[in-house]
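As written in TrEMBL, here are the features:
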DOMAIN    B:10-522  domain 'Cytochrome oxidase subunit I profile'
TRANSMEM  B:28-49  transmembrane segment
TRANSMEM  B:106-129  transmembrane segment
TRANSMEM  B:154-180  transmembrane segment
TRANSMEM  B:243-263  transmembrane segment
TRANSMEM  B:275-296  transmembrane segment
TRANSMEM  B:308-333  transmembrane segment
TRANSMEM  B:345-371  transmembrane segment
TRANSMEM  B:383-405  transmembrane segment
TRANSMEM  B:417-439  transmembrane segment
TRANSMEM  B:459-483  transmembrane segment
TRANSMEM  B:554-572  transmembrane segment
TRANSMEM  B:578-596  transmembrane segment
Amino acid sequence: MKGWMGKVRALFLLSILSLILSGCGVENLSAFLPKGYGAEVSLDIIFISLAVMIFVFIIVMVIYTIVLVKYRQKKGQEDFVPKQTEGNHILEIVWTVIPIILLIVIAVPTIAATYDLADETDKGDSLNINVTGNQYWWHFNYSEEEIQTSQDMYIPVGQKVYLNMMSSDVLHSFWVPAISGKMDTNPENENTMYIEAYEEGVYWGKCAELCGPSHSLMDFKIVVVSQEEFDQWVSDMQNLDAEATPETASAQEGQALFEQSCLQCHAIGSNPVAIGPNLTNFGDRSKLAGVEDLTHDMLVEWILDPESIKPGNKMTGNYDVPSKDEAEKIADYLLQLKPSEITPESASE
Amino acid sequence: MSNTIAQKKGFGATLWDYLTTVDHKKIAIMYLIGGGFFFILGGLEALAIRWQLIVPENDFVSAGFYNEILTMHGTTMIFLAAMPLIFALMNAVLPLQIGARDVAFPFLNSLGFWLFLFGGILLNCSWFLGGAPDAGWTAYAPLSTTSPGHGVDFYILGLQISGAGTLMGGINFLVTVINMRAPGMTYMRMPLFTWASFVTSALILFAFPALTVGLFLLMFDRLFGSVFFDANYGGNSVIWEHLFWIFGHPEVYILILPAFGVFSDVFSTFAKKRLFGYTAMVFATVLIGFLGFMVWAHHMFTVGLGPAANSIFAVATMAIAVPTGIKIFNWLFTLWGGSIRINSAMLWALGFIPSFTIGGMTGVMLAAAAADYQFHDTYFVVAHFHYVIVGGVVFGIFSGLHYWWPKMFGKILDEKLGKITFWTFFVGFHLTFFIQHFLGLMGMPRRYWVYLEDQGLDLGNSISTVGAFFMGVGALVFLYNVIYTSVKGEKVGGDPWDGRTLEWSIPSPPPHYNFAQAPLVRGLDPLWIEKTEGRKGMTPAEPLDDIHMPNNTILPFVMSVGLFIAGFGFIYQAEYTGGFIAMFVGMGITLGAMFTRSVKDDLGHHIHKEDLDKGAGM
């Protein structure tokens, strides 16, 4: 049995080693490095349950090892017939009652945390954001502030923010591992969850419910800023002139093209139309389409062939593909849409 | 026995024999071949998934095709590999363990197999007809109702047909256990594998109808314009989740309980000890089966059911850990004080204990609702259910196959190859899935076609892929072992392991009628009791007499072909007249065969007692 245990040990060491090499994941993404209330509560429960379970595992493995070392058939004892024990009542009671106690140790904090995370008592006094999951992008509607934005959600640090979530098509799931656990967006009912971020920064969000080919590309960000910065962002977004004339000639032409061809689906400003992502602060976005770097070339490529970046997206086939030249101009226009000084870049500094 | 007949009868006659057989032993072999084939297919799909994820932003397969592969991997492995392989073991062994000559409804048994096979073939036809289903094995609406093409239609019809077969199998084994036990074989003397199969059959009876109903609703939504799951018209997609998991959660117990049964028998045999705490083991099995119906919503903690529902289902789920723990400790104490022989069957059983314990640990962790908000739909869940399904069910199937192979085929699988299989598969398994626990919490949701660079997910995924290929090598060695053994293996007698239960009291492979005379059962481990009292075999409970056996029939095959044709018909009826015709022709064939079955008397045949000695040697 030496070889057996040796291999298990080697495997275990290898796993630990690989874990150390890769750390606990990337900051602002990993659930191991919580930077928000929900993530912290969940991680506490994870560690409580893990501790209890490791205790159980050790007991099982100790008995297992003793059994395998001590009771293997020895050479020359092939005819040995062990005592045919039927069972043992005391032992049965022990390994029924102790696990029940251990489970209570896990269950009590679990229930407390579950109720805690579902609390909605101060919903009316807090910032509310209506979140809509779409194939394959996210829309954020600050209904009271009358601000619409997509893909990057701005919230103030240290504040409870209530998210009222729905889907416009299939099921999605809103997950920002470093800040909080996930909640599904359903097409038929609104789900509410609150989040509270502890530190300023830009956090990775992911869709966690299979929603089609580009499920894995449906990333978004939560941009956590200070209360003052948030207030400024809100006022910038509220006071922007959606029809302001851009500076460069190319962007001006792009604006005309955009208003002619794109405005049916993509709103700029506080118009709640959200067939496609709202592009009000497109120039400030952390990423293009959630996953690509926000560059002029990439944007042109997207306008010409979104399918190559997000397979199965709803834009493909539903618009008149512009010429390369037109696409360049539209890109110029979109990239200069920077209504606020408060950006993902400023937040991550 | 089948081999000797084959040599005498030639290929055509053998084929006909298998197409028409109602013998549970031959049906077991067909389940084994069918399930084995789909296991290889599902394994190849798994390797494709892992190859796509070996490096970040890989483009080995396209996004849409990736979703088809992951859907088919899950669907194939659960419905077309694990289920039939479990049924293979149940068919091969259960009637023998209770001293029966066949199952209660041999005709139904054959029908169940053919429905499974044709359902599986129908489902896989989708690959060649415009694309496989791509909404995940859970087929959550509205993704499944809005998925373009016919992929999901194939999923619905394929599973509906094979699911009907499974339901029949479950009913059949229930009645078999209730009605067909040999004299003296009381419930509390049944081997644990029989007990587990019995409870599993009850779970099938109650769980599969939920799937049937769900699939019908989905079918009407997709094919006939209803809106059960369409929120725009007042439908509700969460209902599908409930229906699916009311079936889906018991389904995992349907798979794992027979595996538990295998381990109980294997531990007991190779420790040369009576199963420790037999009564507790039986009650734990029943309790797991019962609780299995109370916990489905733990798959839905993030759906928004509210803290009350989440807490109740969290506690109910944790409760399952208690009977499962009872089983683990009873197995350990069965080994305690025993005389443990380690061969391939035992290696799989011993490998199961730590693997499954880890799966059970993560199960309790997942049950904690507030923690599950982080785990849910990430690679942590992927790791967890592979630890229980591979570490539990697949290990159980391998253990059971090594253990009962001599009973089924009269030859012991090569030990050396068996050990190579175990070690490559075991190491590969942990290499593949252990790291995935961490990947999940590091921010990798499941069913991701690609993961991005610089997110700390690269190394873990590469390790996982390497492990998957180890598992592939292990499976190949097993396949080679099967061929090697059937060519080179030596014949063994009826009782090569010094067995304890009834199946080891008859020749290997058993004669057509299993027991020439029904054995008299005098306690748990009946053969062991006889052996300790110095007898060589079982004492007969009846005088030697003519044996009544059912006749072979092609009707189950015909019925299944009819439903197979009708399945295509349903899928294509809206577009092509041909589809409409196929629907009616297919249903006509099936109903015609059913009618024939109803009106034609088939009283079976008798094997005369004078002829018995030749075949049986009993």
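Placed from the backbone N, Cα and C atoms, the Cβ positions cover glycine too.
Within its own chain, the transmembrane segment (B:554-572) has Cβ neighbours under 8 Å at 19-20, 22, 107, 110-111, 113-115, 117-119, 121-122, 125, 150, 153-154, 157-158, 160-161, 165, 219, 223, 578-594, 596-597, counting only residues six or more beyond its boundaries. In summary, the transmembrane segment (B:383-405) lies against the transmembrane segment (B:417-439): three or more C-beta pairs, each 6 or more positions apart in sequence, are under 8 Å. Same-chain residues lying 6 or more positions outside the transmembrane segment (B:459-483) and placing a CB less than 8 Å from one of its CB atoms are 39-40, 43, 46-47, 50-51, 53-56, 398, 413-414, 417-418, 420-433, 435-436, 438-439, 442, 444, 451. Listed by sequence, the residues of this chain that lie at least six past the ends of the transmembrane segment (B:417-439) yet keep a Cβ under 8 A from its Cβ atoms are 50, 343-344, 347-348, 351, 355, 358, 362, 378-380, 382-384, 386-387, 390-391, 398, 402, 457, 460-461, 463-475, 477-478, 480-481, 484.
Counting only same-chain residues 6+ beyond the ends of the transmembrane segment (B:308-333), those with a CB under 8 A from a CB of the stretch are 260, 263-264, 267, 275-277, 280-281, 283-285, 287-288, 291-292, 294-298, 301, 353, 356-357, 360, 363-364, 366-369, 372. Among residues of the same chain six or more beyond the transmembrane segment (B:275-296), those with a C-beta under 8 A of the stretch's C-beta atoms are 188, 192, 195-196, 199-200, 202-203, 206-207, 242, 245-246, 248-250, 252-253, 257, 260-261, 264, 267-268, 313, 316-317, 319-320, 323-324, 326-327, 330-331, 333-334, 336, 524. Within its own chain, the transmembrane segment (B:578-596) has Cβ neighbours under 8 Å at 555, 558-559, 561-572, counting only residues six or more beyond its boundaries. Same-chain residues lying 6+ beyond the ends of the transmembrane segment (B:28-49) with a Cβ under 8 Å from its Cβ atoms: 2, 18, 60-61, 66, 69-70, 72-73, 76-77, 80-85, 87-93, 113, 116-117, 120, 124, 401, 408, 468-469, 471-472, 475, 479. Note on the domain 'Cytochrome oxidase subunit I profile' (B:10-522): mean pLDDT across this stretch is 96.
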